[in-house]
Every structure is written in structure tokens, then in C-alpha cells.
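What follows is a single structure, written as C-alpha cells, with notes after it.
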Amino acid sequence: MNSLLMITACLVVIGTVWAKEGYLVDVKGCKKNCWKLGDNDYCNRECKWKHIGGSYGYCYGFGCYCEGLPDSTQTWPLPNKTCGKK
């Protein structure tokens with residue numbers, strides 16, 4: 001029983017360590033902007049939305065940075081997107 005608990009705990013830790021992270025993007029392929037660096041309610045809320053699926057978000061380099069994202073979530077920079085430029 002203890003072995004099963006230990007294996008389960010290890011899998012949870014590995015999943016957390018290997019989770020994707022990065023800057024959120026808008027429809028133009030740009031980083032979602034933020035102005036209050038560090039802990040930021042807006043970024044945390046955006047990262048945790050159901051369609052995003054992140055575990056935590058904060059403002060870093062004036063962009064919303066998310067941790068614990070699923071692989072399906074797009075992060076900045078996007079290939080073939082120039083952030084609204086032609």
C-alpha cells in the first residue's frame with residue numbers, strides 16, 4: 001500500500017515539473033499585456049480559465065506568464081504569427 005502511494009506521489013510531482021509554461025497570447029499572436037509586475041489577479045485569472053487550463057499566472061516582463069499549462073495551450077511566440085505586423 002505504501003508503495004502505491006509513493007508511486008502516485010512521484011507521478012504527480014513529475015507531471016507538475018514537466019508541465020508547460022509560457023506567455024499567454026491573444027488572437028493576433030501577441031503576449032497578453034499586464035502592468036502590475038509580480039502577483040497579478042488578472043494574469044492568474046486568465047491562466048486558470050477552463051479553456052487555458054493553467055495552474056498559476058503572474059505578470060513577468062509586462063506579459064501574463066502561466067505555469068502548469070496543458071500542451072494544447074498556445075504560448076508566445078507563435079510560429080508564423082508576427083503579433084499584428086505584416
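Numbers run from 1 along the shown chain.
Here the Cβ of each residue, glycine as well, is placed from N, Cα and C on the backbone.
The structure displayed is predicted, hence computed values, not measured ones.
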Going by Swiss-Prot, the cysteine from Cys30, Cys34 that pairs with Cys83 in a disulfide is Cys30
The residue that Swiss-Prot pairs with Cys64 in a disulfide, chosen from Cys43, Cys47, is Cys43
According to Swiss-Prot, the cysteine among Cys10, Cys34 that forms a disulfide bond with Cys59 is Cys34
The residue that Swiss-Prot pairs with Cys66 in a disulfide, chosen from Cys10, Cys47, is Cys47
DSSP assigns the residues of the domain 'LCN-type CS-alpha/beta' (20-84) as 8 helix, 24 strand, 33 coil
Keeping only the disulfide-bonded residues of Cys43, Cys47, Cys66, Cys83 whose C-alpha lies within 10 A of that of Cys34 (disulfide bond) yields Cys43
